[in-house]
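J.: Reproduced below are the annotations present in TrEMBL:
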type	residues	note
TRANSMEM	55-75	transmembrane segment
TRANSMEM	95-115	transmembrane segment
DOMAIN	114-403	domain 'FAE'
ACT_SITE	Cys259	active site
ACT_SITE	His338	active site
DOMAIN	429-509	domain 'Beta-ketoacyl-[acyl-carrier-protein] synthase III C-terminal'
ACT_SITE	His430	active site
ACT_SITE	His434	active site
ACT_SITE	His463	active site
ACT_SITE	Asn467	active site
Amino acid sequence: MASERDLFSAEIVNRGIESSGPNAGSLTFSVRVRRRLPDFLQSVNLKYVKLGYHYLINHGIYLLTIPVLLVVFSAEVGSLSKEDLWKKLWEDARYDLATVLASFGVFVFTLSVYFMSRPRPIYLIDFACYKPDDELKVSREELMEVARKSGKFDEGSLNFQKRMLMSSGIGDETYIPKAVVASTENTATMKEGRAEASMVMFGALDELFEKTRVRPKDVGVLVVNCSIFNPTPSLSAMIINHYKMRGNILSYNLGGMGCSAGVIAVDLAKDILQANPNNYAVVVSTEMVGYNWYQGKDRSMLIPNCFFRMGCSAVMLSNRRRDYSRAKYRLEHIVRTHKGADDRSFRCVYQEEDEQKLKGLKISKDLIEIGGDALKTNITTLGPLVLPFSEQLLFFGTLVWRHLFGSKTDGSSPSMKKPYIPDYKLAFEHFCVHAASKTILDELQRNLELSDKNIEASRMTLHRFGNTSSSSIWYELAYMEAKESVRRGDRVWQLAFGSGFKCNSVVWRAMRRVTKPSRNPWLDCINRYPAPLN
């Protein structure tokens, strides 16, 4: 078990020149202490590896039995010459025609049951990410000026927000709703929430329907996820009303499920498509920034103001076999992890009122530690589904060795005490890690031993668009497509985490080489990226 000291990291921060007091005119420094992600090398749990292998066995039993049957059949047939084989078949068919017909019927029936019970492939036809108008673009300095002019924050709160912004990894071209920028009044009203929802959702969907050439009336399944803003009628009802979609559409609205809800929405759409053949499903992921804008003084509730920005994604899924030729990606795996049974995990991202009865989202100082534990569980379960056999063998062997003999190796070298952590770069060509904050991306990169190139899409998305909540993983995939880096057969890992606490993974396989799209939120700036980060 890691010592308490190993769970923290420290850094010296330059606070600039002191403007007043006895130290006026002098440089001042402070020491910042943060919690690290737990070291995966020291804390992998065997039961989650077993869970991953359980998933693999459930889906791979057919592939294991077919080779066995072929070996048995080959051994039987191989003992006969060609003439003897034909003679035996003719005699059996001549004298026992009923048995031959029955056997053939059983074979056809078994083959039919297999193909009918096999899960339908789920294709991703295309997706769209909303890019707001330039009039909603704000720099970090402009955002601080808005906060100062509002008169809602004292000097300590303003200084805290400025420090958070400058170290956040967010650039100067992110987007904030007009209500936040132009008004000093309360922006958390139903009217402002609906206005922002209409702007981002309809903007993304208009682009999606144009790119896929699918009519809104042809969509059979609609899943919308938005954590904070959940009006009545629902956001899914707003979309159905706006596009005049058909009356028997299966619509769902997911609320309060945090930044990982986009993967949950895809999982729900997948399950519905499995039960409803020949259908299209649309998944919309978004968050309302203005509706959740906090105007109090509680620092743990000011953090979302510094990170969350406008954004929305819309994804078109299909289970129609005719869409095979035009689909961009095929769904491979979804693994979901929920730590809500633990009280600390449940409350680490928590919506409540502060002492002045102002509503906001409270972020616990334990967020990184809790998120790291959920991530460890999720990727340990995912490993057996995606890793090459050689990596699985090394990982599982060293883990079992440590589990059985760990207490007897106290005098051995440190390398003998650590389980082998697989190289996930061998399983995926592209990584879309939720762009939550610079600190979280730094810790994930260190623990998973990812290269700067692996994490580039996440860092650039955070810099250009900020934390767009559940839609951020789609802005990251859009970045890769704008760079034309996705080729046929490539595997894409989308990893998201959020309140609950949840960590979810979805794996896609590219069906073809993806060329630069005609519409993409990165097109006007992709030549400037990757950008240097300050």
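Any Cβ shown, glycine's included, is placed from N, Cα and C.
Curation plays no part in TrEMBL annotations; they are all automatic predictions.
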J.: Across all the protein chains here, work out how many other Cβ atoms are within 10 Å of the Cβ of Asn467 (active site).
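T.: Looking across every protein chain shown, the total is 26.
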J.: Across the domain 'FAE' (114-403), what does the mean pLDDT come to, as a whole number?
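T.: Across the domain 'FAE' (114-403), the average pLDDT comes out at 91.
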J.: List which of the active-site residues His338, His430, His463 have their Cα within 10 Å of the Cα of Cys259 (active site), in sequence order.
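T.: Hits: none.
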J.: Out of His338, His430, His463, which of the active-site residues is least crowded by other Cβ atoms within 10 Å?
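T.: The active-site residues His338, His430, His463 were compared, and His338 has the fewest Cβ atoms within 10 Å.
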J.: Where the distance is taken from Cα to Cα, which of the active-site residues His338, His463, Asn467 turns out closest to His434 (active site)?
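T.: Answer for the nearest of the active-site residues: Asn467.
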J.: What is the interatomic distance between the Cα atoms of His463 (active site) and His338 (active site), given in whole Å?
T.: 29
J.: Return only the integer: C-alpha distance in Å from Asn467 (active site) to His430 (active site).
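T.: His430 (active site) has its Cα 20 Å from the Cα of Asn467 (active site).
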J.: Could you tally the C-beta atoms, other than its own, that fall within 10 angstroms of the C-beta of Cys259 (active site)?
T.: 28
J.: Can you give me the Cα-Cα distance between His338 (active site) and His430 (active site) in Å, rounded to a whole number?
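T.: About 24 Å separate the Cα atoms of these two residues.
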J.: Provide the number of Cβ atoms within 10 Å of the Cβ of His434 (active site), excluding the reference atom itself.
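T.: If we count other Cβ atoms within 10 Å of His434 (active site), we arrive at 31.
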